[in-house]
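**Q** OK, TrEMBL features for this one:
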type     : residues : note
TRANSMEM : 12-30    : transmembrane segment
DOMAIN   : 87-167   : domain 'Cadherin'
DOMAIN   : 168-276  : domain 'Cadherin'
DOMAIN   : 277-391  : domain 'Cadherin'
DOMAIN   : 392-496  : domain 'Cadherin'
DOMAIN   : 496-618  : domain 'Cadherin'
TRANSMEM : 613-642  : transmembrane segment
Amino acid sequence: MPERLAETIVALWTPLIILWITLPTCVYMAPMNQAYTLSTGSPLELGRQSEELRILNRSKRGWVWNQMFVLEEFSGPEPILVGRLHTDLDPGSKKIKYILSGDGAGTIFQINDITGDIHAIKRLDREEKAEYTLTAQAVDWETNKPLEPPSEFIIKVQDINDNAPEFLNGPYHATVPEMSILGTSVTNVTATDADDPVYGNSAKLVYSILEGQPYFSIEPETAIIKTALPNMDREAKEEYLVVIQAKDMGGHSGGLSGTTTLPVTLTDVNDNPPKFAQSLYHFSVPEDVVLGTAIGRVKANDQDIGENAQSSYDIIDGDGTALFEITSDAQAQDGVIRLRKPLDFETKKSYTLKVEAANIHIDPRFSGRGPFKDTATVKIVVEDADEPPVFSSPTYLLEVHENAALNSVIGQVTARDPDITSSPIRFSIDRHTDLERQFNINADDGKITLATPLDRELSVWHNITIIATEIRNHSQISRVPVAIKVLDVNDNAPEFAAEYEAFLCENGKPGQVIQTVSAMDKDDPKNGHYFLYSLLPEMVNNPNFTIKKNEDNSLSILAKHNGFNRQKQEVYLLPIVISDSGNPPLSSTSTLTIRVCGCSNDGVVQSCNVEAYVLPIGLSMGALIAILACIILLLVIVVLFVTLRRHKNEPLIIKDDEDVRENIIRYDDEGGGEEDTEAFDIATLQNPDGINGFLPRKDIKPDLQFMPRQGLAPVPNGVDVDEFINVRLHEADNDPTAPPYDSIQIYGYEGRGSVAGSLSSLESTTSDSDQNFDYLSDWGPRFKRLGELYSVGESDKET
């Protein structure tokens with residue numbers, strides 16, 4: 001500790017001594033045990049009250065000095081003396097007082113107002129504040145009047161090496177490619193020192209590596225880190241930890257230091273080829289596996305990482321290159337072997353493949369390390385599986401004539417079991433493809449027969465599906481499409497292609513073509529249609545018409561003469577025989593209707609009716625229709641006009657002088673009366689206890705016949721209408737034959753809790769002689785009239 005303090009004192013005072021020597025003015029250096037003195041005449045001046053000052057021959061000023069120095073971080077038991085203020089005006093009578101103001105005056109720096117001594121009362125830190133500007137002044141002790149103008153001076157805080165270097169930009173991390181050459185730059189890290197970089201070596205840093213050798217080195221002054229070994233391999237070691245030290249004082253003993261840690265990672269380069277984990281791989285696969293299924297995986301390991309480890313896989317040799325393929329899985333970095341074509345255990349039971357894995361991204365700098373690829377052998381064993389039947393052909397095409405006999409064989413399909421066991425096969429027809437059941441198949445030998453007659457003109461093609469099923473395992477089935485073409489036979493006679501109607505002009509010329517007709521045949525001969533036309537044998541010598549065959553297989557009808565007259569004969573019928581060229585040939589007779597019409601001079605048909613002769617000459621049918629339409633329109637207008645006039649003249653009310661009796665309206669509908677049972681619900685009148693019973697209603701029609709009344713004489717004017725209506729009403733009431741007829745309806749229930757019970761005598765269990773209705777008189781005024789009626793009835797029976 002004493003040695004370090006001595007070094008610090010030497011470092012601090014050496015530049016100060018040099019500064020004093022080089023000042024342009026004469027500076028007096030006080031001994032180490034004396035303080036700075038600021039002596040003034042008019043302004044404040046630094047000096048010493050000694051003999052040395054007098055030899056300068058200055059009358060008012062001593063040695064000029066406007067700076068003071070104080071060491072930072074001084075922590076003695078007493079305040080440190082920074083300097084002393086003194087004026088030449090002070091004779092020593094103690095009548096002068098010194099005043100200090102400015103930065104830190106009173107708080108950091110304190111002055112003795114009598115002696116002018118300035119002390120630092122606090123610990124100073126140059127890194128917080130490097131200098132303080134203060135103002136000193138001498139005043140009269142009693143009056144406080146300034147004896148001279150104030151003088152400004154500076155107190156500088158002298159730096160000591162009290163701050164260690166710091167790495168402020170951490171944490172650090174660096175990368176460098178593996179296999180780099182010697183001296184490859186990695187990164188640089190710098191530290192900062194808070195000490196004064198101008199004064200001494202407190203801030204002069206020197207860098208060194210404490211940990212991380214011999215792999216890395218550092219430039220002492222620039223702090224650039226470089227590789228110290230060539231060809232460092234990431235696969236051997238990927239992470240390195242480098243500890244860097246920064247030391248001040250130029251790295252000399254006694255300097256302060258700081259350290260930081262720098263992790264260095266070697267990045268990967270493609271310097272390693274892929275390598276299969278094994279040279280031979282074995283896989284097995286069932287023969288019925290679905291195409292595209294993954295059979296197995298092979299992987300070539302690569303010590304590199306990322307894209308440098310990516311490899312592509314290929315099949316370069318073997319007897320299964322056409323059946324198998326290999327694809328690269330970028331995620332798992334392996335090769336997936338898949339099936340391209342179907343396998344057959346009975347044909348070949350094993351395959352051998354040679355697989356190659358090669359790096360995709362190759363670094364040319366390391367191409368000399370060898371080929372960046374590797375090969376392996378893959379053996380694939382095919383396992384036997386229960387396979388469905390196999391047809392001898394993927395599709396079948398059969399032909400049959402449309403006149404083929406029922407149950408005749410159309411064709412045959414064959415299938416076999418490809419397995420070694422060779423199960424028998426059973427054949428059937430998928431009836432969804434043969435809804436009309438036109439075909440059958442022999443379940444044992446696969447022969448297809450005809451079940452119903454065929455007609456090529458209705459359907460030329462029949463597409464059915466045949467199913468083959470193993471007898472030993474019904475789940476193993478196969479299907480095959482069978483197309484059956486129906487061949488044509490000559491079974492349809494030719495006929496006219498359309499319904500023809502020919503028109504013959506009365507003013508036509510002999511040999512004029514009346515109509516051209518063509519024929520059609522539903523059959524389809526191989527060489528196309530060829531028709532023969534002829535007239536009936538009895539019509540060969542037809543005096544009116546003849547026929548002519550055209551090259552386009554059509555027929556023209558010609559007139560033999562002119563002078564046809566529709567008044568004599570309006571319509572001619574011409575039978576024509578049409579024959580085809582089939583084997584055997586078929587024929588039919590079609591009749592052509594020829595109408596005689598009136599034509600214009602240029603041959604345009606105008607009218608074909610006989611009645612057209614009565615029409616005025618020069619008027620066509622269109623003109624007659626237009627005239628008729630005009631007449632109908634005029635009639636409609638006249639009718640509308642008359643109707644509107646009639647409605648306009650009708651009175652809206654009945655005149656007062658008309659007799660009301662002239663407006664009597666008779667209504668024959670008198671209503672339903674008692675027969676109308678739909679107007680109300682009579683179910684509520686029935687006995688709820690016997691609600692399920694059926695009480696029929698009986699309408700009784702009287703047997704006697706009502707004699708019709710004699711017609712009444714007309715009512716003279718002036719007779720009262722009320723009397724007339726009453727007479728009619730009386731006649732209607734006394735007519736028993738007029739509906740509504742008397743109706744018997746049983747109301748057998750009068751309600752629960754009735755004292756009298758049922759009043760109906762129709763369902764009474766006793767006879768009329770047992771009934772006594774005298775008690776009705778005791779029920780009150782409401783039943784008095786009813787009691788009188790029944791009493792009268794009893795007395796009538798006795799009489």
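Glycine is no exception: its Cβ is also placed from the backbone N, Cα and C atoms.
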**Q** Take the domain 'Cadherin' (277-391) and average the pLDDT across it for me.
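**A** Summing pLDDT over the domain 'Cadherin' (277-391) and dividing by its length gives 91.
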**Q** When secondary structure is assigned with DSSP, how many helix, strand and coil residues does the domain 'Cadherin' (392-496) contain?
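**A** Its residues fall into 3 helix, 47 strand, 55 coil.
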**Q** How many helix, strand and coil residues does the domain 'Cadherin' (277-391) contain under DSSP?
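**A** For that range the per-state counts are 10 helix, 57 strand, 48 coil.
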**Q** Under the DSSP assignment, what numbers of helix, strand and coil residues are found in the domain 'Cadherin' (168-276)?
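**A** Breakdown, helix to coil: 3 helix, 44 strand, 62 coil.
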